[in-house]
Amino acid sequence: LLLRWRRRRGLWRKVAEAQQRQERSLVRMETAVQRFREQNPSVNVVSILSLPLPELSKKLRDGSLPLDHVFYSYVGKAIQITTETNCITEYLQESENQLRKVKLTGKQGLLYGVPVSIKDSIDCQGHDSTMGFIKYLNKPAAEDSVVVQVLRRQGAIPFVKTNVPQSLISYDCKNLIFGQTCNPLLYTRTPGGSSGGEGALVGGGGSILGIGTDVGGSLRFPAAFCGICALKPTGNRLRYSMSALFWSLAVAAAVGPLAKDVESLALCMRALLCEDMFNLDSTVPPLPFNEEVYSSTQPLRIGYYETDFFTMPSPAMRRAVRETKQLLEEAGHTLVPFELTNVDYVIFNFCVRGLFSDGGTSFVKKFNGELEKGGSGMFFWLAKSPQWLKTLLSWIAKPFPGWMPKESLNQQPWHGTSTPLTTSTFPPQDFCHQFIAQWKKLNLDVMLCPMLGPALHIGYPGKLSVAVSYTMLYNALDFPAGVVPVTTVTDEDEDELKDYKGYYRDWWDRTLAKAFGGNVGMPVAVQCVALPWQEELCLRFMKEVETL
């Protein structure tokens, strides 16, 4: 007991030290901004912050807008947003040195002088990538991840790291070290996760471009909940280090951008899909950005569906798809109903079971020595249970098709070891082939899909892991998928929500109905999907939806 008490006391000390570092970091940001404003009192901050990224980038490159004016305008706004939402974990103070260096070299990449925020889990040299785990405190990265290196070579200036949920396996944004991040549009709502700090900062206007990751919707949830745009590319179109993650994933992890508009996402992809990316990581296919596809004006043949018949959409979600479909048809595009089947089978057998494909051994191991289990508490308890109990619970749960964990309960460890299975062990190949066959049979270019929304109340995502079905499907298939906000919740949507029952009419459906409530005025988005390696077509479709 004494040893346990001493160990826990040491962990709490590490947490306190990390929180103090965070506070000092924010003070340094504030000091830097104050000093700049005293030296440059005439800078029109509001005007700078109102510029969209393509226009801002153009002004920076042609010299009509000084780099330091833009940089400190965004540092100042970031301070305001993190004070309101607690989204920043660390200020990258070397960004001020990089700013001076960029000005001196004069080498102008596509993102010359653009301040960029980076998700906690993406390595920046000399800084922790904690993923909300205490064990990763005081273990700074030895080098920048590939995506950060490419950003710097394109002239971008990474200036802050942002908050995540513990383990990244959550679409809320809370951990024991840095606490809860709030939605900048309504502080009682979650910003989404796991790139929740990015969603809050970009959504609040404190960053013009953010870089996050997506394993089951981690880019798309924050974008949808905070009213911004995001793109999850095909898993290997861009690359960053996944060395800190717990297990080999049965779904494709992706790194991608978040921004206020689609054109900003396209500019970021143009910058990242360059020779530097292909040279730094030879596993990334050398496919530069296809401008012809993105700028095409040919009418599209678009598949669509309003529900996956697993998670019943909220009234606002359904309306968002219907209204977008109507606008697309009026603009001359062809809309074709797409029949979606077996989503529950894919989510259970390839996504959930894939995460626990070694019987949960590596999952449990990652939490050893932590003070709390965050939003993964139920999964942790199930994974740690003895095999006889998993078998019993799996048998008991069979009559309840909506209960997600049952499929991962009765998992035997691979050869009795803690070695996680590889991604290739659980590929949903048959489903993927069927899905693409139906896509080809209908001769589709892209797909219009629902996106979970509006933003849930804080604390609810941990109870509603079942609701990731709309996003995780495209991680399992490894299709590029983007999110575009198209409407807001109305009073009529709230009235219709009173009749929301769900497909299974169980505890999860009742809880989801509560989580959707009280969101009049909050943004609702749709998903735009394309076939693998067709990010440019996906962005072109997103742009069309955004414009309409």
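From the backbone N, Cα and C atoms, a Cβ is placed for every residue, glycine too.
Any TrEMBL annotation is an automated prediction that lacks curation.
Per TrEMBL, the feature active site, charge relay system maps to LYS119 (among others).
The annotation active site, charge relay system is assigned in TrEMBL to SER194 (among others). Every protein chain considered, the tally of other Cβ atoms within 10 Å of the Cβ of SER194 (active site, charge relay system) stands at 34.
Its Cβ taken as reference, SER218 (active site, acyl-ester intermediate) is surrounded by 33 other Cβ atoms within 10 Å in the chains shown. Taken from TrEMBL, the feature active site, acyl-ester intermediate covers SER218.
Among the features that TrEMBL reports, substrate binding site is placed at LEU168, SER194, VAL215, GLY216, GLY217, SER218. Around the Cβ of GLY216 (substrate binding site), the number of neighbouring Cβ atoms within 10 Å comes to 28.
Sequence annotations record features per position, and here TrEMBL assigns domain 'Amidase' to 73-539.
Each of the binding-site residues LEU168, VAL215 was scored by the number of other CB atoms within 10 A of its CB, and the lowest score belongs to VAL215. You'll find the Cα of SER194 (active site, charge relay system) roughly 9 Å from the Cα of VAL215 (substrate binding site). Taking the Cα atom of each, GLY217 (substrate binding site) and LYS119 (active site, charge relay system) are about 14 angstrom apart. Under a cutoff of 8 A between CB atoms, and with a sequence separation of 6+ in the same chain, the neighbours of LYS119 (active site, charge relay system) are LYS161, THR162, VAL164, SER194, SER195, GLY197, GLU198, GLY210, ILE211, GLY212, THR213. In sequence order, ILE169, SER170, TYR171, GLY193, SER195, THR213, ASP214, LEU219, PHE221 are the residues of the same chain, not among LEU168, SER194, VAL215, GLY216, GLY217, SER218, whose CB sits within 8 A of the CB centroid for the substrate site. Just so you know, the Cβ of GLY217 (substrate binding site) picks up 31 other Cβ atoms within 10 Å once every protein chain is counted. SER218 (active site, acyl-ester intermediate) sits 8 Å from LEU168 (substrate binding site), taking the Cα positions as reference.
As a whole number, the greatest separation of Cα atoms within the substrate-binding residue list LEU168, SER194, VAL215, GLY216, GLY217, SER218 is 11 Å.
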